[in-house]
Structures are given as structure tokens and as C-alpha cells.
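First comes the structure, then the notes that go with it.
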Amino acid sequence: MHEFLVFTISGLTTAGIYAISASGLTLTYVTTGVFNIAHGATGMLAAFTYWQLAVGWGLPAPLALPLCVLVAAPLFGLLLERLVMRRLAGAPESTRLVVTVAVLVVLVSLVQWVWDPSTFRRSQELFAGKGFHLGTISVPYNDVLVLGVAAAVAVLLWLLLHHSRAGIAMRARVDDPSLATLNGARPSTSARLAWMTGTALAALAGILIAPKLTMSAIPLTLLIVNAYAAAVIGRLRSLPMTFAGALVVGLAADYAVGYLPKVHYGQQYLRGALPVVPVLVLLVALLVLRASRLRGRPALAVREITPTPTWGGGLGFCAAVVFGAVIAATTMSKADLFASTSMWGLAIVGVSMVPLVGYAGRISLCQLSFAGIGAAVVAHAGNGGNPAALLLAVVVAAAVGAVVSLPALRLSGIYLALLTGAFAVTLDNWIFQLPSFTVAGHRFDLFQGGTLSADRFRVGGFHTDSAKTFFITGAVLFALAALVVVAVRRSELGQRLIAVKESPAASATLGMNVRLTTLAVFTLSAGLAGLGGGVYASAVRSTTADSFSFFTGLTLLLLVVVAGVSSIGSGLAAGLLLGTAAISSAAGDSAARVTATLAGLAALALAANPNGLIPSVLRPAYEPVRRVPAVLVGSVGVVTGLWVLRLAHVVDGDVLLLGIVAVAVAAPLLARSLFDRAAGTVARAAGTAAVPGDAVASEAASTIATTAATATATATAAAAPTVAATGAGGGTVVSGPDEGLSGPLEWLGFDAPVSQTDLDVLDARLALAGVDESRLGEVRVGAA
Amino acid sequence: MALLEVRDVTVRYGGHVALHSVNLGVEAGRVTGLIGPNGAGKTTLFNVLTGLLPPSSGHVLLDGQEITRLAPYRRARRGLARTFQILELFGQLTVLENVQLAARLRRRSAPGAAADPRALLARVGLTALADRRADTLPTGLGRRLELARALAVRPRVLLLDEPASGQDEEETAAFADLLGELAGEGLAILLVEHDMTLVMGVCAHLYVLDFGTLMAEGDPASVRADPRVREAYLGTVPGPGEAGLAATAATTGSAGEEPR
């Protein structure tokens, strides 16, 4: 009984902290529509700041605490709103989530730069752990203070939301886009206030919870993530329910700490379960949550692009990748090759995100965890290099993926992200650390409590033991995975995925089973991620669970999204950046940290343009190359020539590398100028043949030219001949499919949101006004 | 008997009653009109009918069968299709792909029953724009695409939410012809519309909704003559509905028709 009371008191304290954190999270979500995944990281940053002030510099707690919570945190919240969150209005939900993930990654990296993780730090409880006695139980003043603060927060929030003008404005619900529109003006004051309050609450919670464990960035961040369970119980809406939820989570967590070690059976399996108790509560909460309504499409400020790759383009890309891999494999040193060979596994995991995140607009935070499962399968089933193990890895990961996504299918995108995050944390902290266990007579031994070793594949006499062959095999496997994604995009499933992203409501009312479609894509991408994990495991031969950690997974996600998650090339880019960071492994941890920091910073820019680099910069830049065969063939020829010279030891590796870079820079420039010249000829020809009807088109063309001058010159180059072609048509309106139009037109709106003026220009250029009038009869013809 | 039947449907949002015990029937082979000021609950009723919003109480019957608890996609497969007041196009797909996808979804549930996407585009006059991205269409053309997409699932009942807004007079006239033709093919159409010329012209039967309650029903002539309707909605002073329409017309550039 005595023990029970002690755990109850400490559980109530934990609950109070979760309640503070969760109410801040709910407040910002309800007011701004942004679910802040970085909420925990904000608290973690505050905990470190407080540690620096109170422990590092010895400031008294009564000074340091208000300084952190009431001054630094609101300022930080204001900064966050100003620099990042404000720009998320009108961004797709998936972008909002990814950007907050980016904030999390940046904050964690920042803290690791400033406070060296290898130094041991411990934060102190307030009142230095002193307390009073209540009967036989000693109650720390700290706990009393926490409970008092939690109660005060509850009362203050209630007063704010129900009895102040600013608060009532904040309560304007934003999860209903139409209501938000009716609200008219952007409630920027409410948003600012919400971010300041939310950040202050996160900071308070972070500082209060820090003494419960050592100061370490990721565990602290994740500990506060547990508050998400409380917020979900409150349905991200109701503050009283959120406080009730916090009570459940806090008590469950502390009873687990108290009583789990007393369980006599299976202690070695349960030990790791402690940190994941709140995650399990989150799972249960998600299961009992009522299904969200299918909603329509929110009005977006930026037009999203999901290119439809052609088979020719996809095969060309894959051929280029394999060709590049062959060049790399034959010219790089064995050590460099071995260090970077893991990139193919990561690239496959990256490309697995394309259908799910890129096409369907659903965020998964656990793709790397599926990869971990795939790695474990290949390590155990692939003895002697049996390639069937890869297939098994795909099947097992896909099955686990299907099961994981089931509870979230009924719910909106935020919940799927949370669920996958919870799953990743569970795997990361518990399942992957488990010692071997036996289920139904079969012994499972995931990471053998440490390192996992995998053999490289053999098929008959062909084996991939050498760094060279494996590197090329990895490229081929990546190419196959990329082709699967191309096939998906071009299939009915691809159209369904985009339809679900665009409008779940319209999809459902047209007879699509939206849940089944989501399940299908989640399963597919989990399977692909499993393949990636398998390739990774056999690439590096011995791997630990750390390679598949939650945090690394976030970095990978950010890299893919920054590169452009709707393009298959994004997987390759992410693999390259994350996989070859190991080349400079002398730098060790800091190399990974640089990658994470840069990825996070770059991802913050997604708020302005969610499309990523490949569709907005690279594709337009290289589009002319594809259209001018001479340049294409010439580039391949030059690279091949250099490669042959390198193999014959005529030139060294540096010359080859320089040559490739030179070709990569020169080819688009050359192609563009050739294209411009051709376009100029056509335009002049059109000019002489111009009839009055072309006035609109040419005027529009000049407007576009001006617009594009500030954007990419390529767009103009590519667009010009199309306009010219319209002119050459002799005043007839655009009729039927115009292959040239769909491409370049899409690239015009990149640097700025598409405004009404832009749309008018586009309409005019397509001679839509003409179409309108001249096609009117068609309705009547059809009706007659 | 009506093909689509609404019995005592009530929707409450907290304390607010959006629909109060509404009864309504939509018969095959004719256009049924549903009019009322903005906020009367017309779109809410559409959401209840298509399963996007569960009613607090009441029943929806399709062909005599209870569908109140059925998921939206199952209702669609039984022949219920709709368009949206705020466009819900698949913006990243082309105009043709929008219709193709709907036809494919239909083919999945009822092989051989799907319509020809290109023929549908021709019917609504969008053939020339088949390969354009759907989100580049202006509102008026977008509405036609939504109609073509809804028709692609070969519905028995078609719910149209303000299909004529964003269309000019001439387009609306052509649209009225198309509606008549569709009804002639045996389709049951429920039309929500503010354009009174269109409503009075094509509807065989009218329901008037005000503050979530059905205040009148009957043929267009009797509804127009109903003093309560005149006062609440069609009166000489433009009611809230007309004000809303004027605003819509101003933003979309179409000319709204004043009620006669």
C-alpha cells in the first residue's frame, strides 16, 4: 500500500508534466492547424537551456525557471511562428507534418552541437529533492510544485480560452477548412499567441521532466512525445480530456516503472518495455478513437506536382543509375566502395516513401523501422547468401506494415504519422533490443541483442561478395524498386493514390474504398522498405539496431522530401547523401549530424514550396537535354570515353570526376541554347504568319517570359516553342492534347504561389477564353 | 415510390440543429429541386445522403433499402453519385484521368457497366481540354468535369450541388438541356441551385429548406405561389440566398439570375 501511494504520487507528477505539454500541443494545433511534432524537441531545448543557466552557470532556480519559461520560450515560439509556421498556411497536411519533423531534427542537431552528447549531465529537481512527510510517505516539494503548476495551467488556459477575447478567437476551429475560410482574415495574432503559449508550455514540461533521466537530446525529446498520447485521448481538441489522458498516461508509466520489475517471468523481455508504455497507451487511444470524417480538399497556396514518369524516362533513369554505379564500382577504391555501398539500401528505403508520401500524401515515420525488420529477416533467413531471403524480407515487412497501418486507416493523416512514430519508437527502444524469444516453437532473434551479420547474395555461381559486384547489384536492385514505383504511378493504383490525396471525400463518393487504398499503398511501401533493409544489411554485413533508429529515419524522410518525394530520383538522392556520409567516417558522428542539420534546414524551406528540388529545379534544368538527342548522346559519349580512359589508366580519378561534373553542368546549358535557337526560328516563322487571333497568345507569351525570367530561364525556353506552335496553327485555338504544354506550364509556379493573375495568364495562353466560347455549342450538340 | 428516400433525418452539431426531421423523395426520370437560403442545410443533407456525415437520427433509403449506415463508397457502388459545391476535383490528374478513374472504379464493382470517359467529356463539352491538369480549370468548367466524373460511375441517383454557379447564361441554358436529357434517360436527379430560372425550368418537383426545416414542397408553380416561400426566400427583396448568389457571381464572373 505504501509502495502504491509512492508510485501514485510520482505518477500524478508525471501526469501533471504530460498534461502541461499536451495542452500546449493541443492549443497550437487547434489554433493554427499545425500538429507540432517538434513540440517535444522544443521542451528538450528548454531543458538544456535551463540546465545551462541553473547548473552550468549556477543561476538560482527561481531566476532561471522564469527566464526560460516566460522569456526565452515565448520568444522562441514567436521566432518559430515568424520564420517557419506562418508560411505553412495553405500548405498540404503532409508538408506541415514534414516541416515540424524538420524543426525536430534541427533542434536535436543544434542541441548536440552546443552540448556535446559525450559529456554526462544531469538536471536537478527543484528544491534539491527536499520534501515533507505525509504519514510514512515522503513527498518531494518538487512534486507538489509540479501538480500546482499543472492545476494553474489548467485554470489559466480555461480563463484564456473562455473569458478573453484573444482566447475566444483562438478557439475558432481550424480543422474545418470551410470554417477557416469563412473566418476571413488570417488570425495571425491568435497564431502568434498560440505559438508563444504552446512553446512556453512545452518548455515548462521539458524542464520539469528532465531530472527524471540524464540530459540527452533524443530520449528527452521522445519522453515528451509521450504527451502525444494524452493529446490524442483529448482528440487534439478537448483540454479537459487531454488532462484526463495525461492522468492515464502518467500513472500507467509510473506504475510500470514500479511494478514491471517485480514481474517474475520474462524480466529480460520486459525491461525495455518501460519507455514504451505511453506509446502503448497511444496505440489503444488510436484504436478507440472515432473515425474521422472524410474531408474535401483544403485550398492550397502552392500547386503540387506529381510527375507521371514515362516508361522511357523511368528506364532511362534506371539505366543512368546502373551506368553510374558501374563507373563508380570500377574506379573507386575498395574502401570507399565498401563505405558507400550501404547507400543502395537507403536509396531503396527512400524510394519506398514515394508512393506513400509523394503520391498518397500520407506521412510514415517508420519506413526505416520496416527496413530494420527486412534487415533482420535477411540476416536470419539469408544464410549462405540465399537471395530468397530478400523476397521474404519484402513479405514480412509488408505484412507488418499492413498490421501497423490498420488502426490508423480510419483516421486522418496526423494520426497515421503519430502511429508510425509510436511504432518506430517501440521498435527502436524495445523490440530491436530484445534478446531472443520463442513464439510457437520458433526462435526469434532479432538483432541478437547487438550486432547482426548478414551474408551477401549468391545465385548459382554468381556471388556478390566483392565490393564491386555488390555495389552494382545494389544499383540494379534500386533500379528495380524504382521501376516498381513507376509502374504504380502509371497504374490505376497510382491514380487512386493521387485522388485520395486530392480529395478523400470525392474518392469515396465515386465508389473508392479509401481505407483499402491506403492499406494497399502502406503495405506496398513497407515491403519496399523491407527490401531496402535487406539490401542494407547484406551491404554492410554487420549491422546494429542503431542503423534503423527513429531519428535516422526522420533524417532520411527529410532528405527524400527535400529532394522531391514525388520523384523516384529522390530516393537515390537521399541514399547518396545519407549512405556516403560514411565515406568521411573519420568525422564519425559529426558527419551524420551535418547531414541531419542540413536536411532539417533545407526541409524548413518546404513550407514555401512543398515540391522539392527535383521537380522544381533539376527536372526543368535537364528537360532540354532530354529533348535534344545530340546533347544526350554526346554527354553519354564523353562520360563513357573518360571512363574508358580512366580504366586504361590514361587519366586519373580526379580527371574523370571533373569531367563528369563538367558534362553535368555543360549539357543542360548547351541543350538549352540549342533549344532556344530552334525555338527562335519557329517563333520568327510564326511571327510572319501571325493573324490577329494570336494577339492574346503572344501577349501571354511575353507576360510569361517576364515571369519566367525571375524563375528559371528553362521554363521560357521550353514554353516558347509551344506558344509559337499555337501561333503557327494560324489562329486556331489549342485543340486536343498538347504534349509540350503540360510540362513547362507546371514549372512556372515554382518560386511563387500561383496567383489569380498567373492562372489568367495560363488560361489566356491556352486560349481558354476562345475554347469557352467556341466549345459552348458542344453541350448543346450533346444535348440535342 | 421514390428511388431515394429521406425519412425524418435530423442532424445536430452540439446544440445547433442543422437539419430538423427532414422528409424528402427523389424519383427516377425527373429533376427534383432543393432550394433554400445559404446555411439552410442543403449541403449538410447531401453529406448525409452520400454518407460523409452520419445523421443524428433518421433514415436514408435507396430503392427501398436502408443505406443510412453504409460507407460512402458502398453507396456509390449502389448508384449514388454527387458533385460538390466547393470543387473536389483530383487537381493533379488530367481532365480525362478524372473521368477515367471514376469509370475504372465503377468497372471494379460492376464489370461492363462503366461509361466511355471520352464520350462523357464530349457530352459536357470538355473534349478540347482532356489533357489539361484539372486544377487549371476555371470554376465553371470544373463543375462540368465534376458532372462528367459523377456520370462515369453510371449512377441511378445524381446529386448536384450548385452545378450552374460559375457558368454564364448561355452555358446554363445548355446545362438545363443536358439535365433534361439525363432525366429522360431515367436518372433521378436532386438539384441544389440558386439560379431560379434554371430551377423553375427543369425541376418537376421542388423542396424548400429553411433553417434546417422543410417549409414547402410541390411543383414549381405552387412553390412559387406559396406566400411563406415568397416571404422567406423568393420575396421581392433579395433574400440571403440571392445575396449569396450575387457574391458568388461577383467572384466567378457569371451572371446570376434574379428570381422572377
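Including glycine, each Cβ sits where the backbone N, Cα and C put it.
Unlike curated entries, TrEMBL annotations are predicted automatically.
Check TrEMBL against the ranges A:34-51, A:592-609 and you find transmembrane segment recorded for A:34-51. The transmembrane segment (A:6-27) is not in contact with the transmembrane segment (A:388-406), judged by fewer than 3 CB-CB distances under 8 Å for residue pairs 6 or more apart in sequence. By the Cβ criterion (distance under 8 Å, sequence gap of 6 or more), the transmembrane segment (A:519-539) is not counted as touching the transmembrane segment (A:310-331), fewer than 3 such pairs being found. Most Cβ pairs under 8 A with the transmembrane segment (A:551-578) among the ranges A:34-51, A:193-210, A:216-234, A:310-331 are made by A:310-331. Same-chain neighbours of the transmembrane segment (A:241-260): 3, 6-8, 10-19, 22-23, 26, 150, 154, 226-227, 229-235, 270-271, 273-274, 277-278, 281, 285, counting only residues six or more beyond its ends whose CB sits under 8 Å from a CB of the stretch. Below 8 angstroms of C-beta separation, residues 14, 16-18, 20-21, 23-25, 27-28, 31-32, 36, 39-40, 42-47, 50-51, 65, 68-70, 72-74, 76-78, 80-81, 85, 123, 146, 149, 153, 160, 166, 170, 220, 223-224, 227 of the same chain, each at least six residues beyond the ends of the transmembrane segment (A:193-210), sit close to that stretch.
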